[in-house]
């Protein structure tokens with residue numbers, strides 16, 4: 001009477017003392033006989049061990065034996081509070097006997113242990129959780145029987161499970177391993193989330209959980225997509241049932257709950273059987289063989305009709321004539337799946353190993369009020385060579401089977417479900433995947449190379465665009481001699497110290513300067529001459545006719561324009577017919593006054609270009625009274641020296657050209673009148 005939680009599978013299992021993890025009762029005893037396949041050995045691992053050792057293992061102890069029966073031999077006898085047994089206890093044969101004896105004691109939880117065949121070197125117990133491991137990813141073997149009432153899990157797939165959850169119990173909930181068989185799990189640790197959902201799956205209830213620092217999920221083959229009930233890929237004609245519920249409401253309207261209503265998450269009523277008994281079924285034709293890994297069910301989803309199926313069996317067939325009842329390998333009983341506990345919640349059950357079939361039937365065994373349900377099948381495509389078919393007829397739903405029939409069914413099931421799918425000719429289309437897919441090295445390499453290639457090509461494109469833009473700007477600026485508006489004055493200030501002065505004997509060029517005194521004259525009535533006086537004065541810049549410009553001109557005229565005396569003066573001339581006149585910058589050693597400009601208005605019509613007249617401008621015509629400004633005036637020169645009156649601008653520190661002459665000074669260039 002001292003046996004607690006016990007599941008003994010063909011390759012692994014779990015056993016615990018009575019009342020674990022509470023204090024075990026006094027004077028109790030339990031003995032487990034473990035057998036595995038011949039030729040294999042058994043290994044035993046303790047998850048918790050807490051047995052009173054006050055009497056030196058005399059009345060309370062755990063004893064392990066090689067073999068079963070009178071010929072067994074003892075491997076070891078163990079007791080102690082909080083006893084740590086890090087290693088594995090291994091047998092010398094395929095049979096082991098475990099004996100627990102509880103004497104008189106006041107404390108002690110007892111023990112919990114797991115076993116497996118010795119080829120499972122990474123065996124863990126049902127008490128292990130993710131926080132016990134530091135690796136971000138690891139593989140472990142979970143024994144059978146890890147759905148234990150005293151363990152808890154929080155979370156669901158695909159979001160993940162809280163790190164405090166039992167690894168193996170979460171693996172059963174996720175459909176990765178079977179509670180009856182156990183199996184290998186591939187665990188991935190990642191950052192936690194603020195909230196963990198709860199759900200019911202594979203007879204395991206996951207509870208809502210709070211924030212945690214980390215979570216874990218499982219890597220699987222990914223064959224958990226929906227097969228077409230919800231999406232409508234399976235047409236209505238391929239969904240049939242044993243009977244259909246028809247009834248009229250108070251208004252006289254006829255309600256028909258047809259089989260095609262049994263689509264998960266579709267609004268409206270479900271499928272419901274006309275008669276509620278164990279002979280009813282809902283059948284789904286997948287059109288071809290599929291690899292079916294699970295099923296999701298709900299009740300009516302209508303609050304006013306609180307109907308649901310709480311337990312059911314699964315049958316499958318290739319031709320809808322010969323049906324097989326789903327059983328787990330090594331188990332001689334039909335698998336009874338837990339259904340819903342209320343009308344709306346979704347409940348998932350997984351098939352381990354998967355079913356390979358075209359037709360699937362759900363046979364309700366227990367229900368609430370009426371048989372009513374909505375379903376969805378999970379799985380993926382299946383396309384490989386078929387195994388030999390067996391024509392034995394499965395047992396009817398309510399019949400008992402002899403051992404030969406059970407053996408035949410198990411053999412048939414194991415043959416059909418042991419086929420490998422690594423030769424699939426195409427990748428199945430999977431949606432709503434419920435587990436984390438495997439991450440391959442190729443995917444990781446592509447994740448690195450693709451961003452690098454994108455950055456390289458983007459850089460090349462930017463370089464080409466910039467080069468093209470720079471070349472176009474360069475072409476636009478070729479051929480122009482003007483400076484940008486923002487640097488004209490500053491450029492001259494920095495460059496005038498490098499420009500030499502004009503030589504005195506350079507060719508004189510016609511020029512016309514703008515002034516308020518000459519603005520009333522027409523351009524061609526005043527033939528102007530440029531005079532070079534002394535080297536200490538900077539020679540005026542040649543302006544006017546383009547053909548007269550020499551190589552030392554300060555500015556180059558714009559292309560396409562002909563120079564003439566009609567060019568406009570942008571400086572001080574109010575008359576529109578005046579033209580530009582530019583002055584060359586002074587050299588560094590030159591005086592700070594520019595060349596004087598003397599206007600001779602005495603009517604001389606022309607003068608040879610080679611002469612060096614005193615005045616800069618000569619005009620033909622009668623003498624007239626000219627207005628005199630406050631700073632300068634015009635003087636007339638005749639052929640007689642006595643009548644000549646020259647006005648010069650005297651440099652600083654030098655006497656004027658004539659002591660008796662009346663001197664009027666012209667404002668230096670660049671200053672306002």
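If you go along the chain as it appears here, the first residue is 1 and each next one adds 1.
Backbone N, Cα and C define each Cβ position, glycine as well.
What you see is a predicted model, and the numbers here were worked out from it, not measured in a lab.
For the ranges 443-468, 469-494, 495-520, 521-546, the feature annotated in TrEMBL as transmembrane segment maps to 443-468. Taking a C-beta cut-off of under 8 angstroms and a sequence separation of 6 or more, residue 3 (disulfide bond) has the following same-chain neighbours: 15, 17, 18, 30, 32, 100.
Averaged across the domain 'F5/8 type C' (223-380), the predicted model reaches a pLDDT of 94. Here the domain 'CUB' (3-118) is broken down by DSSP into helix, strand and coil counts: 0 helix, 61 strand, 55 coil. If you draw a 10 Å sphere around the CB of residue 30 (disulfide bond), it holds 20 other CB atoms from the protein chains shown.
Sequence-remote contacts of a segment are chain residues at least 6 beyond its ends whose Cβ falls under 8 Å from one of its Cβ atoms, and the transmembrane segment (443-468) has none. In terms of DSSP helix, strand and coil, the domain 'LCCL' (120-216) has 11 helix, 38 strand, 48 coil.
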